[in-house]
Amino acid sequence: MILLAHILLPFTYILLALLIKKASIKSRLAVLFATFNLLWALALLPIVQIKDIIVVQVGGWAAPYGISLVADRFSVFMLIMTAIIFFLVTIYATQSVDKARRKSGHFFFTFGILMGVNGSFIAGDVFNLYVWYEVMLMSSFILMSLGGERAQMEGSIKYLILNLISALFFVSGVGLLYGNLGTLNMADLSAIISEKSDMLTHLNPALILMVVSFAIKGALVPFFFWLPASYHTPPPAVSALLAGLLTKVGIYSLIRFYTLFLYHDAPFWNQLILWMGVLSMVIGVFAASSQFDFRKILSFHIISQVGYVVIGLGFYTVSGIAAAMFFLAHNMLSKTNAFLVAGWVKRQKGTLNLKTLGEVYKESPIWGVLFFISAFSLAGLPPLSGFIGKYLIIKAGIEANYIVVALIALFVGLFTLFSMVKIWLEVFWKDVPKDRVVKIPQKKRKSQYMLTSSLIMAILIVVMGLWAQPIVTYCEQAAVDLLNPELYIDKVLNFSR
Amino acid sequence: MRNLILEKIAVLYLRAILIVSVWLLLRGHNEPGGGFIAGIIASTGFILYAIVYGSTAVEKLLRYNTRNWIGSGLLIILIAVVLPIIWGKPAMSSIWMTLPDSISAYVHIGTPLLFDIGVYVSVIGIILSIIITIMDVLKWNS
């Protein structure tokens, strides 16, 4: 039950949203349920510290046959980060999203996304993971096209088609895997694979299909096209949520698969994953520096940042995976907050084209500071969380003797700084260009909830940078668990209530 | 143009198909059938009714909005999932009522049946909400 609540809470909200008509009650209930979800995720933390791995066998059917929900330290960490992001974005959305969208089910579908994301973090079964991916894909697609603006439609069609291809790859991989081994429970699969190590090349087609699908989901090079083509089209609160949660699920699954199955064939997979990460890092950052749309720059940076996480996985040491986890969490916070600031700028100015914007800092210093914190955290400047994240990744790389990769990561950081400074200068600092003044009615619109949520997120970024030690310790424990899959297999298969 | 024969057939078909769907729903756990199939079969009756009498008539027949149908179906599912916890069993386990043999030869009553009823209600709601929306867009109100 403890884990099932992460699925049942969003489910309950969804059915209440169907039964209730008034938009204002729906928004309030959304905030309430997001709070419950956050509290529940935090409550898992002490439990997982005692039990190491929380296992729930749904319906009382034992592991390889029934549906297992499994949460180790890594899953709980991701559940908490998801809950924080979701809570803050929900508060933001109560004000930022227009009433028509809220009435036609904005929160309904955001809770669909929450259900999918939570579900894939605790799925102990490959097919269940696929089902949660579908839940996530369908609700995010509807959320992206909700409102039906022209640009939105264009973006969401690209999003839908490429993600359906990814789902197709995933489910064919699942089919091949089941045909070969006759089970889909992750712990059982891992146990069987470690017994029959000669079967590995036999399984590669299935695993490659699945890894490609994770790479599409996680927007890794060379499968990243859909992300920058679609993330700048929906309302800002939606793109903040998608940027904060969706790609991370792909990366989470990649880490889970790597530490359970792929590491058996390390000579093949390790280099592949590592260089996929390096290429994502480099290509993402270069593509970002040529863009002139606020949210497009940030979207390309998602690709680059995801690359950091993947190289952390590619090092395959305790410090590498711990760094990857820390970086994932840092990136969820900073990236979402950058999108939240972009949403405010869009609300005030009606555009996000860097060439027509300017002097926003003069208008509202506090939003300027909020952007400064999140952007320079992304770039990795000292007291912020990004500095610790990058430092850990590069340190892990040097320790694992991947000096070249570590140097590339350092070099990419410089270009990240360049794009962030570019946004800062163009949007917040420079004078409004004389020849291209866009006339927008200067209505005073309230934005206190938007400000609150963005402020809390910025404080969390600073706190994560200043008091990183407990988080890093936790991540290291989680990485030790991930590197010993025997524990996971044992807890899931020899489960007794 | 009204077609008297078609109107009568639609009503009769709806009644017959509702009985068939409930029968399918109840035999579902051990034999072919179940909430999803029964829901689809029941909604064919409503669809024929909607085609003959128009979408407003079928909305009136349903009493409640289709959104409420979906919502209450999901609510029943939620109850069926959570109910076993009261008996101290893990969520989603099946709990059966012990009934006299004369009844249990035909029907087993328990949480899986409740789950199926929830699926049944929400499937009817979903299919009809799709059909009614399409009919409204096409202005198909005879």
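Glycine too: its Cβ is placed from the backbone N, Cα and C atoms.
Predicted automatically and left uncurated, TrEMBL annotations should be read as such.
TrEMBL has this to say about the protein:
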DOMAIN    A:123-416  domain 'NADH:quinone oxidoreductase/Mrp antiporter transmembrane'
TRANSMEM  A:6-23  transmembrane segment
TRANSMEM  A:30-48  transmembrane segment
TRANSMEM  A:74-93  transmembrane segment
TRANSMEM  A:105-123  transmembrane segment
TRANSMEM  A:159-179  transmembrane segment
TRANSMEM  A:206-227  transmembrane segment
TRANSMEM  A:239-262  transmembrane segment
TRANSMEM  A:268-288  transmembrane segment
TRANSMEM  A:300-318  transmembrane segment
TRANSMEM  A:324-345  transmembrane segment
TRANSMEM  A:400-428  transmembrane segment
TRANSMEM  A:449-468  transmembrane segment
Assess whether the transmembrane segment (A:400-428) lies in contact with the transmembrane segment (A:268-288), where contact requires at least three Cβ pairs under 8 Å among residues 6 or more apart in sequence.
yes
For the transmembrane segment (A:159-179), sequence-distant contacts whose Cβ falls under 8 Å of one of its Cβ atoms, 6 or more beyond its ends:
126-127, 130, 133-134, 137, 140-141, 144, 189, 203, 205-210, 212-214, 216-217, 223, 225-226, 229-230
Hey, does the transmembrane segment (A:74-93) touch the transmembrane segment (A:449-468), meaning at least 3 C-beta pairs closer than 8 angstroms, sequence gap 6 or more?
yes
In the same chain, which residue numbers or ranges, 6 or more beyond the ends of the transmembrane segment (A:300-318), come under 8 angstroms Cβ to Cβ?
218-221, 224, 227-228, 231, 243, 247, 251, 254-255, 258, 263, 266, 270, 273-285, 287-288, 291, 324-325, 327-328, 331, 335, 378, 389-390, 392-393, 396-397, 399-400, 402, 405, 409, 412, 416, 419, 476, 479-480, 483
Go through A:6-23, A:30-48, A:74-93, A:239-262 and flag the stretch with the largest number of C-beta pairs under 8 Å relative to the transmembrane segment (A:105-123).
A:6-23
For the transmembrane segment (A:239-262), sequence-distant contacts whose Cβ falls under 8 Å of one of its Cβ atoms, 6 or more beyond its ends:
74, 78, 82, 85-86, 89, 92-93, 110, 113, 116-117, 120-121, 129, 133, 136, 140, 143-144, 186-187, 189-190, 193, 203, 207, 210-211, 214-220, 227, 231-233, 269, 273, 295, 298-299, 302, 306, 309-310, 313, 316, 321, 324, 328, 331-332, 335-336, 339-340, 343, 482-483, 485, 488
Within this structure, do the transmembrane segment (A:74-93) and the transmembrane segment (A:324-345) have 3 or more Cβ pairs under 8 angstroms, counting pairs 6 or more apart in sequence?
yes
